[in-house]
Amino acid sequence: MAAQARMRNAKVLLIHLGALGAEITKNLVLSGVGSLSLIDDSDVSSQDLDSQFFLGKAEVGTKRLVAAAPRIQDMNSRVELTIDTEHFGSKPDAYYQQFDLVIGTDLTSAEIIKINAITRRFNLPLFVAGLNGLSGYIFVDLIEFDATDEKLKSSVPTALGSVSQNRRITEVVEHYNEEQKKTFETIVTRNTYTPFEKVLREGTFKGKLTRRQLKRLTNAVPLTLALFEYPDGVGEVTPATLKEKALAKFVQLGLPTDQLQQIYVDQFAEQAGLEFAPVAAVIGGAVAQDVINILGKKQSPLNNFVVLDGITLDMHIFEL
Amino acid sequence: MDSRTEKLLGADNYQKLRESRVLLVGAGGIGCELLKNLVLMGFGEIHVVDLDTIDLSNLNRQFLFRKRDIKQSKATTAIKAIEHVSNSKLVAHRANIMDVELFPLSWFHQFAVIFNALDNLEARRYVNQMAQFLQKPLLESGTAGFDGYIQPIIPGSTECFDCTTKETPKTFPVCTIRSTPSQPIHCIVWAKNFLFAQLFASGSSTTSDEDLGTENPEEIKRIQQETNELHELQDYAKAGDESKIVDIFRKIFVQDIEKLLAIEDLWKTRQKPSPLYDIEIGGPVCKDLNVVWSIQEQTNAFVEATKRLMRRMTDEKQIEFDKDDQDTLEFVSTAANMRAHIFNLPQKSVFDIKQIAGNIIPAIATTNAIIAGLSALASLRVLSLIKNSATAKPLELNMAFTAMASKISSHRYLSNPQLASPNPKCPVCSIKRGVINISNNELKNIRLSHLMEAVREKYSYPGEISVLDKSTQRLLADFDFEDLCGKTLFEINIKNGTILLVADERCDETELRCPTEFYIACGTEGGLELPDIEVPLVEVLAPSETPDDDHEVQQSVTAEGAIILDEEEENPRKRPLDEAPEPTSKVAKIDEGEVLLLD
């Protein structure tokens, strides 16, 4: 089957083996991805033991990848596993060209912008994911992607044309299924994507969500985006500066500013960049599922921004 | 502050978490993932209960298990595999959670919360009932393919597991598939998920990881040996050596059956299978996919399909079953039919088998990972461990289910409706519950009539009552059945762990005493002790209506892109499962055919 073959031949690069990287790695290795390259220059800290399972107590102080690699390979000997303990930033742009797909985890927004420019240049699909304590996010840039979905034909045939800002139906083929005695439609949807930098600068919900939807939007979404406004990392986040940036995001996104809740500001200020295993499991599971999908079956992929609010378990997909 | 969890929850809550003892029921697909999450979060003590042993087919998603662990206890192995990062006390129980001797009701009492990571309805229901007896929060979860859900259950305040009707997914024990098939579907599952997977899919099979379903050590040994031998056949398949097809045929349709026949216990109550001795191997094939072929035609087509697959193996290295891939479909159909013939079961056309095999839902590792993550996350709010966050009322808590992956919504990855109030008609949580303590001695002295009298008096039942032993569904007494009333409790087999349902049997009343379930807890001391509970009068309800399923089908099929944002939040008190049926049942309804869940 072609889909399986594509999956087995795919070369995937994963940047950073933190809590999230470990979850994604586990899922991809179990699913039998052909080749997985990990790049991470950090050492095992005692805190890593709270958030990931490829490392052991005895390995604190050694390189994360060196410590984790045997346990990763042990899960599936058929996956071609490569580790690199240099910092990904030290690699020339051409380094990325050998891969079919890039996944970046735990990156600063400056790093995301840089990597995204490279993946765009080489026409590579990019997944970016990160954790902010009880919250987590996924950003996807597949540049352009034709998804094929099968759907039971309803009384109204699916029409060609735009269905949302980033998605347009380009082809609908009807076929009758003899076994089920029903008519199905094979729908090709062209997904276009927006680069991360543009999402950050211009992304908005204006004209996309109804007033009610805007009202019900979890604060986790604007706050996640506000944290990207610390380009070099979240080390300097304070509730006061975060609140200011969040309010600016509310305006950019077209959200009523009176909806900003101090309790969320405090939570995100305190938990920015913090790893937490169950959130990593949800986000890592969603990233891996979508990576497996686009490498194989090619059903409608994530497009293009997902935020989990780990308290209410709200997890929406937004086109930004 | 050293720990990330401590930073997240705050020192006080973290301390509470470190002191909490939790129960995880099941160490399979969801269970492995959940154990990892609970350990990393830092729960003080985690008990894991699972009776199963590890099967080859578990390895492609149950990430704590390796090939070398096959045949080992899941609970024990899972704990060993996560110990290297653990700061928790981990306790494995290789046992059935429904074993009342090992796990009496009082045993469940020690846990702050129970996590269900189960694959069968019976155990789910049982744990739900224990949670109801003890008013213990329960985190329920389940997956089927890409569908998954989590549901916190707060007894007395929210819906329980049995408040909505659940469809039983069809799952089969390994022994039925591997040793004693009794329906054509068993042969199809064997051909697709075992034989095909082992030969061509490099062991990434998705055979059910149910409990083997047999205690017969000879049979268990045979099942395991067979798995290993098939791995050798895989080398033939890989090498593309067509001359070995005869060996493959002889092994699976003759020698393996002979070995089965040698286990005489299996055939005491069953018709014996007949190995395929006198079959020419190779010959013309039938092209009509709508008719049932003769056994010779099956054999010929099997040989041809195997040849084609072997040739493909040299390029493709491994081949997954796909109902639309004619080679894989014919291989599975013919192998299933030959096995059906051997076991004297009806055969089916390739066309029919295509439908059935296409509806077998494999377990997906990522769905399990997501659902286990959500279950662990939800427990924090259930236990009020979130920093600076007001304690949530039970009905403010959220459940969650996959929405995008289940094709219910295109812009929600998850749906997260708030929990609903208990269903007043629920047969499980609408009734009263209590524990009757009784000494082993008194069990032999007290007669059923005496117990009934004590119950009637204590809880003010004015007239006739009936007593049902729930564990065995035996009626012990009612208005025209008094034969057992003179017997002692011991004589009628009431023992530790028995659950008695007492019901008010008066006719033509508008109000009756609420039905009450009593858990019998036996000790060495004391006499008979009835619990101090209030059994209220309740209005007689009309018989419950059957739910209207058609509506759900319509909705979930046409839902893609059509559901508006926040629809289910319009009325937060609306029972969420009405709108989005439990994923397992949804799939079953959409596919309309025979659906089989694996895992």
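Cβ atoms are placed via backbone N, Cα and C, with glycine included.
TrEMBL labels come from automatic prediction, so no person has curated them.
Here's what TrEMBL has on this protein:
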- B:8-427: domain 'THIF-type NAD/FAD binding fold' (DOMAIN)
- B:26-31, B:ASP50, B:58-61, B:LYS74, B:119-124: ATP binding site (BINDING)
- B:CYS160, B:CYS163, B:CYS426, B:CYS429: Zn(2+) binding site (BINDING)
- B:CYS175: active site, glycyl thioester intermediate (ACT_SITE)
- B:298-354: domain 'Ubiquitin-activating enzyme SCCH' (DOMAIN)
- B:544-599: region 'Disordered' (REGION)
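Recorded features from TrEMBL, shown on the structure.
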{"residue": "B:GLY26", "record": "ATP binding site", "contacts (Cβ under 8 Å, 6+ apart)": "B:VAL49, B:ASP50, B:ASN116, B:ALA117, B:LEU118, B:ASP119, B:ALA123"}
{"residue": "B:GLU122", "record": "ATP binding site", "contacts (Cβ under 8 Å, 6+ apart)": "B:MET98"}
{"residue": "B:CYS160", "record": "Zn(2+) binding site", "contacts (Cβ under 8 Å, 6+ apart)": "B:ASN128, B:ALA131, B:GLN132, B:ILE153, B:PRO422, B:CYS426, B:VAL428, B:CYS429"}
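In sequence order, B:ASN60 are the recorded positions among B:GLY29, B:ASP50, B:ASN60, B:CYS175, B:CYS426, B:CYS429 whose C-beta falls under 8 Å from a C-beta of chain A. Rounded to a whole number, the distance between the Cα atoms of B:CYS163 (Zn(2+) binding site) and B:GLY29 (ATP binding site) is 25 Å. Residue pair B:ASN60 (ATP binding site) / the residue listed as 'active site, glycyl thioester intermediate' shows a Cα separation of 21 Å. You'll find the Cα of the residue listed as 'active site, glycyl thioester intermediate' roughly 33 Å from the Cα of B:CYS163 (Zn(2+) binding site). The Cβ neighbour count for B:CYS426 (Zn(2+) binding site), using a 10 Å radius and every protein chain shown, is 17. Compute the center of the Cβ atoms of B:CYS160, B:CYS163, B:CYS426, B:CYS429, which mark the site for Zn(2+); besides them, the chain residues with Cβ within 8 Å of that center are B:GLN132, B:GLU159, B:PHE161, B:ASP162, B:PRO422, B:ASN423, B:PRO427, B:VAL428, B:SER430. Ranked by how many other Cβ atoms sit within 10 Å of their Cβ, the binding-site residues B:ASP50, B:ASP119 place B:ASP119 at the bottom.
Every protein chain considered, the tally of other Cβ atoms within 10 Å of the Cβ of B:CYS429 (Zn(2+) binding site) stands at 23. Averaged over the domain 'THIF-type NAD/FAD binding fold' (B:8-427), the predicted model has a pLDDT of 88.
Under the DSSP three-state reduction, B:GLU122 (ATP binding site) is assigned to helix. Set side by side, the recorded positions B:CYS163, B:CYS175 differ in how many other CB atoms lie within 10 angstroms of their CB, and the most is found at B:CYS163.
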